[in-house]
């Protein structure tokens with residue numbers, strides 16, 4: 001191809017590209033020199049010159065204006081208004097603080113003050129015949145956490161040959177129930193669930209005398225001291241000893257054991273148990289040492305009238321004074337072994353709302369009965385987890401008697417237990433509030449729990465086998481505490497009353513209760 005031809009081709013390519021540089025909307029007569037995308041704007045010089053340029057006042061001009069009488073008066077007025085407003089707010093805050101009611105100082109509370117304790121006296125009966133002791137218990141910690149219990153009283157589970165003091169080792173786990181490693185693993189797992197482990201160290205639990213024979217007291221005392229120190233080092237949160245009424249010099253030994261636990265940590269608990277229901281004997285044991293928790297058979301007396309229940313509770317509180325109480329119907333055993341079935345729901349409500357620590361045995365949340373089923377051990381029935389729990393007999397187990405069945409029933413005894421345990425652990429009036437019994441109709445036991453400016457709780461228990469309408473009186477309340485005309489329902493032990501839903505407002509002038517029904521009502525603090 002010639003040189004001229006090459007030049008012509010280049011010109012063609014340039015001519016083809018040139019239209020791309022033209023404006024898309026250019027008119028036919030547009031100047032050829034304009035470029036695509038470039039817009040030139042010509043601003044008239046006279047229009048720019050017409051604009052006013054503001055440069056502000058000079059320093060001298062500002063000082064002159066600011067010093068004028070008008071601006072001086074304005075500044076002083078604004079300054080005076082600011083300080084008057086500030087002083088007014090300060091005075092208002094002082095008045096509010098002075099006139100506001102003083103808050104009561106919260107008492108020091110340990111973990112056992114904040115909820116219920118749950119006893120598992122027979123570990124194998126609790127986990128079932130096919131599970132293995134301590135390892136089986138670990139699998140049920142999730143269930144125990146749903147009960148909102150603060151402590152688990154376990155055992156005894158130590159090595160004990162019946163009536164043989166030298167063959168009893170309080171520092172070793174019974175091999176039939178597990179190993180030391182199993183127990184340490186249980187402690188760690190329970191800690192993650194915020195459940196404290198209390199170990200029952202009643203020495204001769206398989207024998208006739210829980211404390212062996214009187215001449216062997218010194219041997220037992222030495223073993224106890226060694227065991228307490230050893231288990232505390234392993235992380236146990238407390239100890240229980242039962243039948244202290246059968247222990248010679250019980251007051252001396254209890255004081256010594258309490259010192260060992262408290263010297264290790266103030267957050268360690270010692271529980272004593274007695275089969276006695278005599279109030280004076282109970283007080284004598286309590287006076288042996290401070291901060292001792294005592295379970296007894298005091299409430300196992302026939303208290304199946306409201307008047308008798310009120311008398312027993314008030315006598316106990318007066319006798320124990322400012323001591324922290326615990327409430328149970330026995331040192332061991334099920335509620336159903338002491339309380340007729342129709343009173344079980346009432347007693348749950350009673351124990352959870354009295355001032356002190358409620359103590360229950362495994363199965364109390366279900367209404368488990370010691371002799372209800374063929375094949376059940378009389379003193380330690382198997383925990384009924386499901387219909388097949390009682391595998392040692394062919395007799396069927398009713399679903400509504402099991403954990404599985406009651407879990408699914410909003411009106412079950414288990415549901416009531418969980419609700420009460422939850423309230424007991426988070427409401428200040430129930431945690432550490434004052435207790436005042438009320439004047440009420442015959443057959444009723446009613447009382448108020450209150451703390452400072454927190455929500456108040458009214459408990460009304462009908463121990464009669466007939467329904468009644470009652471007026472709850474406030475004549476026994478101290479100054480500054482009064483009852484409203486109505487209160488809101490939190491819980492009724494009668495799950496058949498569908499018309500009484502939580503939050504229903506009930507008149508205290510004419511309060512209707514069914515036979516054996518208990519009510520937990522709530523009303524606010526009013527200054």
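Placed from the backbone N, Cα and C atoms, the Cβ positions cover glycine too.
Feature annotation (Swiss-Prot): of 30-52, 53-75, 76-98, 99-121, the stretch labelled transmembrane segment is 76-98. Within the set of recorded positions 59, 263, 318, 386, the entry lying nearest in space to residue 510 (N-linked glycosylation site) is 318 (CA atoms). The 10 Å shell around the Cβ of residue 59 (SUMO2 cross-link) contains 7 further Cβ atoms across the protein chains shown. Counting every protein chain shown, the Cβ of residue 249 (N-linked glycosylation site) has 13 other Cβ atoms within 10 Å.
Residue environment of residue 166 (N-linked glycosylation site) contains 9 other Cβ atoms, counted within 10 Å of its Cβ in all protein chains. Cα spacing between residue 59 (SUMO2 cross-link) and residue 263 (N-linked glycosylation site): 78 Å, rounded to the nearest whole number.
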